[in-house]
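Chemist: Pulled these features from TrEMBL for this protein:
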DOMAIN    28-170  domain 'Lactate/malate dehydrogenase N-terminal'
BINDING   G33, A34, C35, G36, G37, L38, G39, D59, N119  NAD(+) binding site
BINDING   R106, R112, N144, R178  substrate binding site
DOMAIN    172-336  domain 'Lactate/malate dehydrogenase C-terminal'
ACT_SITE  H202  active site, proton acceptor
Amino acid sequence: TTCRRLLTPAATALRRYYSPISDSPRNRVAILGACGGLGQPLSLIMKRSEYIAELALYDKLDTAGLCADLSHISTKAAIKGYQGSDQLGDCLTGCSVVLMIAGIRRQPGMHRDSLFQQNATIVAELTDAVAKHCPKAQLCILTNPINSNVPLAAEILKHRGVHDPRRLYGITTVDSVRADVVYAKLTGHPLDKVSVPVLGGHSGHSLVPAFSQAQPASRLSPEDVRRLTEYVRGAADAIVAVKAGGGSATLSVAAAAHRFVNSVLLALDGRQNIIESAFVESDAMPDLPFFSCPLLLGQNGVERNLGVGQLSEYEAELMKAAVAELRVQIEKGQEFGLAWAKR
């Protein structure tokens, strides 16, 4: 079956097709933090993936109940559960993809600096385990704040001598999905034909939806562009506020992460023209070592960075502020990672 088309300014003719990789999928995928508010719906969606042979679920809590529940779903992916640091190595061994979502979720009023302080050690320890037990796996990080945690992870991998920037991602897919949805609603374009690049980072003012590059193209008023941009930038905070202490976005993030991981698996299997956006080590923006923009994925991870493209005057102004914010957040992650690795 043919799935939605992802178009980018650098590759508008490329298409990706979702169909079974083979009758017997080979990929072992680990979810680190499987028992949490995001981990459970994500485990459910991933259990239904056609592209996974075995799903390894890890948490500091007991995963037995979650695994028993998921095992009653009649799909190909086998389920294995692991609990605690003593079993982390067994969980990671043989994995082609590792999805890191462990850590606390943001609460109302919580600044991302506080979130980083609480999640940084978790990310460092899990990344170190990945470096030891499955250094060639595709490491997909969803633990916030992504703008700091991905650079942190890179420093740990470098210290272990296994860093390959093609295989490390911060998943920002939910930003792209949000931009696609509001653009399609406003323009009337079919959602499965819409693609809006979201550039920069993965928090508020660090991300810039490039509606000027949206496909199919539509002429939007400056007021509409500002309104849609503010919506996408504020969507995560809005959900935290509406849930009033009940957590942050989980279902939309899980669905978006599922899409991203499936794309990675398709590319690993040799499928061509697979395009997704992610926060990766990049030279797309001068003097900024990490950046999110559309990527062409391949069997070794990131095959080609498709770049920023032409920005409107409004987007260029937003990008200046985004770059300044990103630089601070990236440096914070790098400094923590270096200190942790040398402790």
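Cβ from N, Cα, C; glycine included.
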Chemist: Among all chains shown, work out which of the recorded positions R106, R112, R178, H202 has the most CB atoms within 10 A of its CB.
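Modeler: Of the recorded positions R106, R112, R178, H202, the most buried by Cβ count within 10 Å is H202.
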Chemist: Among all protein chains shown, how many Cβ atoms are found within 10 Å of the Cβ of C35 (NAD(+) binding site), not counting that one?
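Modeler: The Cβ of C35 (NAD(+) binding site) has 20 Cβ neighbours within 10 Å.
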Chemist: In whole Å, how far does the CA atom of G39 (NAD(+) binding site) lie from that of R106 (substrate binding site)?
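Modeler: With the alpha carbons as reference points, the distance is 15 Å.
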Chemist: Spatially, and counting Cα to Cα, which of the binding-site residues is closest to H202 (active site, proton acceptor)? Options: G33, C35, G37, N119.
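Modeler: Given the candidates G33, C35, G37, N119, the nearest one is N119.
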Chemist: With an 8 Å cut-off on Cβ-Cβ distance and a minimum sequence separation of at least 6, pull the same-chain contacts of N119 (NAD(+) binding site), or say none.
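Modeler: Within the chain, N119 (NAD(+) binding site) has Cβ neighbours under 8 Å at G103, I104, T143, N144, P145, N149.
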Chemist: What number of additional C-beta atoms lies within 10 angstroms of the C-beta atom of G39 (NAD(+) binding site)?
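Modeler: So the number of other Cβ atoms within 10 Å of G39 (NAD(+) binding site) is 25.
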Chemist: Counting across all protein chains shown, how many other Cβ atoms sit within 10 Å of the Cβ of G33 (NAD(+) binding site)?
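Modeler: A count of 24.
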Chemist: Pop the Cα-Cα gap between G37 (NAD(+) binding site) and R106 (substrate binding site) into the table, whole Å please.
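Modeler: Cα-Cα distance, R106 (substrate binding site) to G37 (NAD(+) binding site): 12 Å.
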Chemist: Count, for each of the binding-site residues G37, N144, the other C-beta atoms lying within 10 angstroms of its own C-beta, and report the residue with the smallest count.
Modeler: G37
Chemist: Could you give me three numbers for the domain 'Lactate/malate dehydrogenase N-terminal' (28-170), the DSSP helix, strand and coil residue counts?
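Modeler: Going by DSSP assignments, the domain 'Lactate/malate dehydrogenase N-terminal' (28-170) contains 63 helix, 28 strand, 52 coil.
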Chemist: If you measure every Cα to Cα pair among R106, R112, N144, R178, the residues listed for substrate, what is the largest value in Å?
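Modeler: Output for substrate binders R106, R112, N144, R178: max Cα distance 20 Å.
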